[in-house]
Amino acid sequence: MCCSVRMWLVKTLLMLNLHITSEGKCLYVVLLMAVYWCTEALPLAVTAMLPVCLFPTLGILPSKKVCVQYFLETNFLFLSGLVMASAIEEWGLHRRIALKVLKTVGVKPAWLILGMMITTSFLSMWLSNTATTAMMLPIANAILERLFGNLETLKENCKDKSDPEGDSQVKMHVLPLKKNRCWPQRTDRSEQKNLEEVRREAQYQMKVWKGFLICIPYAASIGGTATLTGTAPNLILVGQLKSYFPECDLINFGSWFVFAFPLMLFFLILGWIWIAFLYGGLNTRLCISKHDEREATEAKATAVIDEDYKKLGPIKFAEGSIAFFFILFAVLLFTRDPKFVTGWSIFFTKGYVSDAVSGVIIISILFFLPSQRPSLRWWFDSRASNTPYVPLLSWRKAQECVPWNIILLLGGGFAVAKGCEESGLAVWIGKHLQPLAQVPPAVAVILITAFIACFTEFASNTATIIIFLPVITELAIHVKVNPLYFMIPATTGCSYAFMLPVSTPPNSIAFASGHLMVKDMVKTGFVMNILGILCVSLAMNTWGLHMFNLHIYPDWARPLNASSATVTIMTSLPTQHCPLVP
């Protein structure tokens, strides 16, 4: 069987090499990788390395042009973010942040769900979505167990315990007692009422429990879109922009944060309202305190959070150092060239300093700065005792924590984009998408976001954006729309996978707890997808339109022989087709 597959592959390669144009060969590689990524017939990282062997052998691209795509400056920026995240996890700073936020928002169900979502989204801006979810779920379960008790007992209380046979036996037994006949009936009704109240309360608590579990992976996916290093598709966008449009410098850490952070906040609030409404968190107890059993259990949950926070003790020297460099890391990335003000990069030769430089500078310091406060007495007396030297981060720890497969995935995406560009496949696809020019750009944004969000429910978000971003780029060029107007919604939309457990690793982790059902995720995720699509459309047509000058067709997107005339997009009438003339 293996031999026949190998022979078939060799024959296919020979046929492609002899009879098919360069565009066709590149299309074959892209489709092959798309199938492997969607079916996971090979590990995702192994599939990402296929261009290294297929592009040179098929005559699409020389190996020296393919291999360099696997470690561009964008990969170094992503690597620096991953190393910083591993340092934060090493010293438990993320747990301190999480518990502090939960102490601040309180433990009423709706507020606690909001606290969980805020904490998870903030952490996922800097840590991986998977690591954030894996860290937050145990915290959520500990609070829920103190709030509602044992989960198995809760499930048992949700069942209807009324027993018709038992009721009939009681009635038959009390029939001879004519004088006191009403008392057993009244007692029976009272017991039934109590059982019904217990069942209803247990069902409410079970709904809140599900809301807690489902909000964490959703918030992780939403939060990752706010920074370039938060999720791989954002970096793929930057890398492909540099490949297709070398003169485009509009997207960097600062400008992306200014655009994506308000979008993330807006979507997070809408998502919180929907989840809290669906799972019983929105009620009169949101702002009004009532003295009842729920208040007592909420007090117990508050005690759990306070106790866990006290166990952390005072902030250690290592935690403080990591917090300082984490803030410095974010500030340097944000202020390098934020576009709306002059950044610190003007002090260096133009084009020499990028976000990757800032990231590598900060993480390099972590490998030699001590994790314990050094003793100053040693400087004056060499015989004085000194604290043992342990750096803030060791290379072994970085190796264990950094998901190197994601870096290979990024490289594979950049290699595919380069192959599509050099072979002419991107231009060929763009010409065949010309009929879509009749669709108004504002409608196209919604359709693109919806399509990508649906496709990524069944495939990796990284693989999805690698496959479709070159196509979307050529579509924008051929319909004479600012490429960013289509590329940004596609990039953001591929992180909005909420409906299925297999859509994202965070969804899988939450589903693996055994407390969620597929129908819970589908019911919640369907509305979340719609909210996400509408939020992206709103962002692109409001502040994004002005931030990135999306209403004009930029010079950096024109071929070298094209006219430099500016083409405007008529956005005043959303229901009317916007004529886009080059």
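Every residue gets a Cβ built from N, Cα and C, even glycine.
Quick look at what TrEMBL annotates:
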TRANSMEM  12-36  transmembrane segment
TRANSMEM  42-61  transmembrane segment
TRANSMEM  68-88  transmembrane segment
TRANSMEM  108-127  transmembrane segment
TRANSMEM  212-236  transmembrane segment
TRANSMEM  256-280  transmembrane segment
TRANSMEM  317-335  transmembrane segment
TRANSMEM  347-369  transmembrane segment
TRANSMEM  402-419  transmembrane segment
TRANSMEM  439-472  transmembrane segment
TRANSMEM  484-504  transmembrane segment
TRANSMEM  524-543  transmembrane segment
### Message
Checking distant contacts: for the transmembrane segment (524-543), what same-chain residues at least six beyond its ends satisfy Cβ-Cβ under 8 A?
### Response
214, 218, 222, 259, 262-263, 266-267, 270-271, 274-275, 278, 442, 445-446, 449-450, 453-454, 485, 488-489, 492-493, 496-500, 503, 550, 571
### Task
Decide whether the stretches the transmembrane segment (42-61) and the transmembrane segment (256-280) have at least 3 CB pairs under 8 angstroms, with pairs required to be 6 or more apart in sequence.
no
### Summary
Taking the transmembrane segment (317-335) as reference, the highest number of CB pairs under 8 angstroms among 68-88, 108-127, 212-236, 347-369, 484-504 goes to 347-369
#### Entry: Contact check, the transmembrane segment (439-472) vs the transmembrane segment (212-236), 3+ Cβ pairs under 8 Å, seq sep 6+
yes
## Note on the structure
The answer for the transmembrane segment (256-280), taking Cβ pairs under 8 Å and residues 6+ beyond its ends, is 109-110, 113-114, 117-118, 121, 204, 207-208, 210-211, 214-215, 218-219, 222-223, 225-228, 234, 334, 338-340, 488, 492, 523-524, 527-528, 531-532, 535-536, 538-539, 543-544, 547-548
### Query
Are there residues at least 6 beyond the ends of the transmembrane segment (402-419) whose Cβ is under 8 Å from a Cβ of it, and what are they?
26, 29-30, 33, 43-45, 47-52, 55, 60-61, 65-66, 69-72, 74-75, 78-79, 82-83, 86, 128, 232, 235-236, 239-240, 243-244, 425, 460, 462-463, 465-467, 469-470
